C-alpha cells in the first residue's frame, strides 16, 4: 500500500479523489447554513435547562467554528479547526455518558443535570486542548519565504505598477524537543480520536437499549411518555450512525501517522492520507448537518423553540 503506484493508476485515482474538494466545499456551505440557526435555537432559554443542553450548545459552537473557518482561512485558523473537531467529538461522549448515568441511577434531578456541569465539561475540554496545542505550536515561527517578495504574473490585472508583497511561511525548527513535541501531539490526537471512535458507539448503543427497554416498561402506564422515549432512542441511533461515519475514518488517518513514519505521496496510502483528511472533513460537515435535521424531526422541545423564534403558533386540531 505504501509502494509507488503506476502512472496510469495514480492519475486515474487522482482524477476521482480530486472531486472531494468540491464535495467538501458544498457540504461545508450546507453545514454552515444549517448550523447558524441550530446554534441560535440551542442558546435559547428553553434549550438551556440541563447539562446535556449545554453540551449540545458546545457541539453546535464547535461545528459552526469548523465550517466558518475551514472555508475562509484554513491556513490561519488551522489550530481552531482542529481543536473544534476534537472538542466536538468529546462533548458528544459527555452528552451520552450523562444521559446514561441519569437513566441508570433512576434519578430525575441530580448534580449531573445542572447546566453548570455542562459549562464545566466544555471549559475543561477546551483547556486541555489549548494546553496540548500550545505545547505543539511553540516551536513554530513565522518567517519570510525564500522566494519573497511575491510579484503578480504578467497576466494578472488589477494591480498597480511595480506591485509586490512579502511572502511568509510557518517554519518548524528541527530540534529534538520540537520533534518529540510533534510526535506527542500526533500520538495524542491519534489516541484521543481512537478512544472517541470506540467509546462513543458503545455508550450510545447502551443508552439506546436502556431507553427502548424503559419505553416498553411504561407503555401501558404512560403511552405518551413511552412514545417520547422511543423517539429519543431513534434520535440517539441516527446520531450514533452519523458520528461513527465522521469519526472512524479520522482516527484511522491519525493512527497511520503514528505507525507509518515514511509515506510515499504517490502510493495508495499516501493518497488515502492526503485526500482522506478532505473526505473526513466532508463527513464531519455532513454529520453536523444531520444533527440539525434529526434534532428538529425527533425533538419536540427543539421544534417548539424553533416555532417561538419564528413567532409561529401551534394550531390544535379539533
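Cβ atoms are placed via backbone N, Cα and C, with glycine included.
Summarising the annotation, TrEMBL assigns transmembrane segment to 12-34 (among others).
The annotation transmembrane segment is assigned in TrEMBL to 46-69 (among others).
For 84-105 (among others), the entry in TrEMBL reads transmembrane segment.
Positions annotated as transmembrane segment by TrEMBL: 117-134 (among others).
Taken from TrEMBL, the feature transmembrane segment covers 184-209 (among others). Sequence-distant contacts of the transmembrane segment (184-209), counting only residues of its own chain at least 6 positions beyond either end whose CB sits under 8 Å from a CB of the stretch, comprise 82, 86, 89-90, 92-93, 96-97, 99-100, 103, 132-133, 135-136, 233, 236-237, 239-240, 243-244, 247-248, 250-251, 254-255, 257-258.
Summarising the annotation, TrEMBL assigns transmembrane segment to 236-260 (among others).
The transmembrane segment annotation in TrEMBL covers 272-298 (among others).
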Inset, instruction - For the transmembrane segment (236-260), could you work out the same-chain residues 6 or more beyond its ends whose Cβ comes under 8 Å from its Cβ atoms? - result: 2, 85, 89, 92, 96, 186-187, 189-190, 193-194, 196-197, 200-201, 204-205, 207-208, 211, 269, 272-273, 276-277, 279-280, 283-284, 286-287, 290-291, 294, 298
